[in-house]
Structures are given as structure tokens and as C-alpha cells.
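**Q** Sharing a structure with you now.
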Amino acid sequence: MRTSTAFQWLSLVGIIWLQSINGTNTNFPAYSSQLKQLLSMSQFQLNNLAFASDAGKLFGFFSGMAAFHLPLWLVLMIGSTLGLIGYGVQYLFISNQISSLSYWHVFLLTVLAGNSICWINTVCYVITIRNFSSDHRQVAVGLTTSYQGLSAKIFTSIVDAVSLHKKAKTFLFLNSFLPLIVALIAAPVVREIEAVTTRPKHIMSVGFVVMFVITIATGIYAVMSSLEFVSSKISPLGSLIGMLVSLLFPLLVPLSMKINALVGSWHKNREKQRVYHFTSEESHDDEGRIENEVKEGEDSREVNQEVGIGIREEIGVKLMLRRIDFWLYFFVYLFGATLGLVFLNNLGQIAESRGYSRTSSLVSLSSSFGFFGRLMPSIVDYFYRGKCTISRPASMVALMAPTAGSFFLLLHNTNLALYVGTAIIGVCTGAITSISVSTTTELFGTKNFSVNHNVVVANIPVGSFLFGYLAAFVYHKGGHHEHGKCMGMECYRDTFIIWGSLCFFGTFLAFVLHVRTRKFYSYKL
């Protein structure tokens, strides 16, 4: 009984490790400029590759269908193998091991690599949802999802410690092999627990509190080590070691659960030897009565939990596509999180056009703040016990407004504006991404989540194509061109204005969705 609880937390640690290295597309800005030079690409061609990475999500529903019919460990290995092929062949090409690879081959390989993220994500979401009860499910999903925001920071730390001059090659090599290695390590523990018994609330609470403390400390370290005045005083190897050690700390939770189980078992055996006041039949009757009472209590709690989960109804993808709430939600995500992701994909070119040379530091900063953004909803859900609960769409309203304002802040030609704007967009984009998981389950149910949510996030490649091409077009027209580069604020000025306006429109759509679902959330309370 206690062993299964320890394994339940161990599976969560495995998912944390998988999510930490699964954001391989988020480190693209750190080496995009170098890749552009190596392949002699135009800005439009570079934008095609950024879009290709997101376009893999268009086929994400295949991973959702596979999760219904295949063992989850096999789905995990398929995802990591797709990434190995997609990024690995590109690495061989960049390192001159393959000479006959056209630009469109690179494009298709990037699509394949982008699709691999969906497979690993699907396994992480499904395992977390199945292994935790309804009252802890959303917190566990948000906690593990937050670590994906650290991917760019982790990859950048490794590259800075290993190679400063051949970043594109090193990033592609890590993108291809690191997810596969971590998947092989995590596969034995990242699986569904067949029977996780109900544990006392205080045990689960202590576990989550410790996990939150470790996670927040990891995020603070990631942010501080990304700031220029701190990173200049720490060696790249020291920064990497600190990051890797912080990823091992979550093991303390399942380890403590196992130790607690062994100690409890030892005490129980001692108590059995001291008890002689009851006959074996009386003890058996008492135990049977207590067991029945516990089962009845657990059944009652399960009913209450299912009522409190906040699922309006269980619907499939066909019915979901006919709902106006889905399309409102789709465009809210498009003008919110997706727009933020497109900004982060273009962060390397944006920094270069403004004359800022420390692109890796900026990417690490956006990754670290994105981590905190993904974590925030879980912290609020877990620790806030007030009577008034804000709806998920209302949360998106509160997050999209500052995102829109940040795009207009970026119109100021200062490094401070670039840092602050990037940090705010990273936080809000991460938070919306985390909230979307619970929003999908609350609006459309958990039964078909693996397919439904992959359909929702299909807006990411759509937005990446539309907003990315808009940025590339403005980049091509504006500023002074030197060797195909655009330098100056004019390169992205109009883009920021359009993106900010679209984000404000998305804020309005989020408010409409909130009004439509307000009665549902009031009933939930």
C-alpha cells in the first residue's frame, strides 16, 4: 500500500525529467542565427523552420489515438525515436556527414522532430491524470508541465558548458539524443499505477508542499543564473551542475515516502506482537468492519471528488468541434499562448536586430520565467482555499492583458524594455499553457483528453505560420540590410503593434468565454 504511494511519486519525478527535456523547440532561438548563416537561408526560410517545428503539432492527434491502443511506454519510445531521427539527421547534415540534403528535407525533418514533442507530452499528461485522484490531478499536471519551461535553460546551460562556438551543431545533437536517453531512464517508472490506494490527506499534502518548495527553489536558481550580473560570476560548468542537481532533488519525495512506509511497517509488526486482548475471530470481525467503513468512506470521497472535479460533460472530438465554446477557446489560445510562443521563437532575430549580443542569456531568462508562469496556476490552486474561485477563462483574461501591454513595451529601444517585456511574455505564456490543460478537461472531459487537447493545440502551427510570416515580412521590408540582416527598431516595430492589438482582441474573447461558462464555474463552487 505504501510502496504504491512511493511509486506514484516516483512516476511524477520521471514525468518531471521528461518534461524538463521535452521542450526541444524552445531552444531554437538560441541557435537560429547561426543556423541561418550555416544554411545560407533568408529570414522567410528561417521562419519556415520555426513554423515546421510547430507544424508537427498538427499531427499530434496520432499520439492521442496511440495512447488508447498502445502501451504508454511504447508511445514514449516512439516519440523519442521521432526526435532522434528529426534532429539527428539535421545534425549529420550540419556536421558534413550527409551532403545531399535539401532545404525541404530539413523542413520535413523539423516537422517530424516537432511531432515527437506531442508523443512525450501525451504520455506525461495521461500518466499524471490516471495516477492522481481528482483533487490532486490538476495540481500534479501543472507542476510537471512547469518543468517544460526549463527546457531551453537546461539545453543552453549544457551548450554553454560544452561548446560556445558551434552552438547549432551542439543544440541539434542534444535535441536528438537527450530526450531518448531520459526516456530510457524514465520508462520503467513512468507508467500507470494499477491500484493507488487512498492515502491520508496530510501525506499527500506534505508531498506536494515539499515538491513545490523544491520546484520554486529550482525556478529561482534558474532565473538568477540567467541574469547577466550573476551569470558572469558563475562558470558555465558550475551553472550546469547546479541545474542538474536541482533536477535530482524531487527524488527526496518518493524516497521519504518509502522510508516512511518501512518505518510504519516496522511499528505495525511490533504492535501486532503486543496485542493479546482480542481473539483472532474478534480481531477479524473488527478488521472486516473497519475495512467496510473505510471502503464506504472512500466510495463517498470518490463521489465527492468526481463532483468537485468541475467537468461539465464528457464529449468526443466531433461534438467538441461543433461547440462555440471550443472555437472561442481555440482563438483565445491562438491570440494568447501561441502569439507568445511565436515571439519567443523569433527572440534570437529580435535581439540581433536591436544589437543585443547575449541571446543565450535572454533565451534562458524567457525559459526561466516561463517555468514560473507554468507553475503559478498550480500554486494558486493548491494553496488558495477561499470561497471565491476564479474561472480558467477569467484567468486567461488576467494573463493576456499584460501580454498585450508587453508587446507595446518592446517598442522602446532599451535593453531593460527587452528584458522586462520578454520576462512578462514568458510568465504569461507559460501560465496560459498550464491553465489550458485543466481548461480542456473542465470544458470537454478527461475521457477523450489525449485527442481533444491535441486538437486544441493545433492552433500553435496555424499561429506560427500566420504570425511568423507577418514578422518575416516586416523584417524583410524594414531597417538597413547588411548581408541579409535587418538592424534597427523598424525591423519589428509594426509587428509588435499588430501582435499587441491581436492579443487585446484575444483578451476580449477570453472574457466572452468566461461569461459563457460563468454559471458552470459557479455551480462548481
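Cβ atoms here come from the backbone N, Cα and C positions, even for glycine.
Under the heading domain 'Nodulin-like', TrEMBL lists 8-255. The domain 'NFD4 C-terminal' annotation in TrEMBL covers 309-522. According to TrEMBL, the feature signal peptide maps to 1-23. Taken from TrEMBL, the feature transmembrane segment covers 72-94, 106-128, 171-190, 202-222, 234-253, 326-344, 396-412, 418-444, 456-476, 496-515.
Would you situate these features in the structure and describe their surroundings?
**A** Counting only same-chain residues 6+ beyond the ends of the signal peptide (1-23), those with a CB under 8 A from a CB of the stretch are 76, 117, 120-121, 123-124, 127-128, 131-132, 140, 143-152, 154-155, 178-179, 182-183, 185-186, 189-191, 193, 195-197, 199, 203, 207, 211, 247, 250-251, 253-255, 257-258, 260-261, 264-265, 367.
Long-range Cβ contacts of the transmembrane segment (171-190) within its own chain (Cβ-Cβ under 8 Å, at least 6 residues beyond either end) map to 7, 10-11, 13-15, 17-18, 20-22, 24, 27, 30-31, 72-73, 76-77, 79-81, 83-84, 86-88, 90-91, 94, 113, 116, 120, 123-124, 127, 155, 158-159.
Long-range contacts of the transmembrane segment (234-253) within its own chain (CB-CB distance under 8 A, at least 6 residues past either end) are made by residues 9-10, 12-13, 16-17, 20, 153-154, 157-158, 160-161, 207, 210-211, 214-215, 217-218, 221-222, 225.
Long-range contacts of the transmembrane segment (418-444) within its own chain (CB-CB distance under 8 A, at least 6 residues past either end) are made by residues 125, 129, 138, 141-142, 145-146, 149, 309-315, 320, 325-326, 329, 333, 336-337, 340-341, 343-344, 347, 350-351, 354, 356, 362, 365-378, 392-393, 395-396, 399-400, 402-403, 405-407, 409-410, 452-453, 456-457, 517.
Here the transmembrane segment (456-476) has Cβ contacts under 8 Å with residues 42-44, 46-47, 50-51, 53-58, 60-61, 326, 329-331, 333-335, 337-339, 341-342, 345-346, 349, 353, 436, 440, 486, 491-495, 498-499, 502 of the same chain, all six or more residues outside its ends.
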**Q** Please give the average pLDDT for the domain 'NFD4 C-terminal' (309-522) in this predicted model.
**A** 83
**Q** Have the transmembrane segment (326-344) and the transmembrane segment (106-128) got at least three CB pairs under 8 Å, pairs 6 or more apart in sequence?
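**A** The answer is no, given that the two segments have fewer than 3 Cβ pairs within the 8 Å cut-off.
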**Q** May I ask for the residues of the chain that lie six or more residues beyond the transmembrane segment (202-222) and have a Cβ under 8 Å from a Cβ within it?
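**A** Distal contacts: 5, 9, 12, 136, 139, 143, 146-147, 150, 153, 242-243, 246-247, 249-250, 252-253, 256-257, 260, 364, 367-368, 371-372, 375, 378-379, 382.
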**Q** By a Cβ-Cβ criterion of under 8 Å, what residues six or more beyond either terminus of the transmembrane segment (72-94) are in contact with it?
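**A** That would be 18, 24, 35, 38, 63, 66, 101, 106, 109-120, 122-123, 126-127, 168-169, 172-173, 175-177, 179-180, 183-184, 186-187, 190-192.
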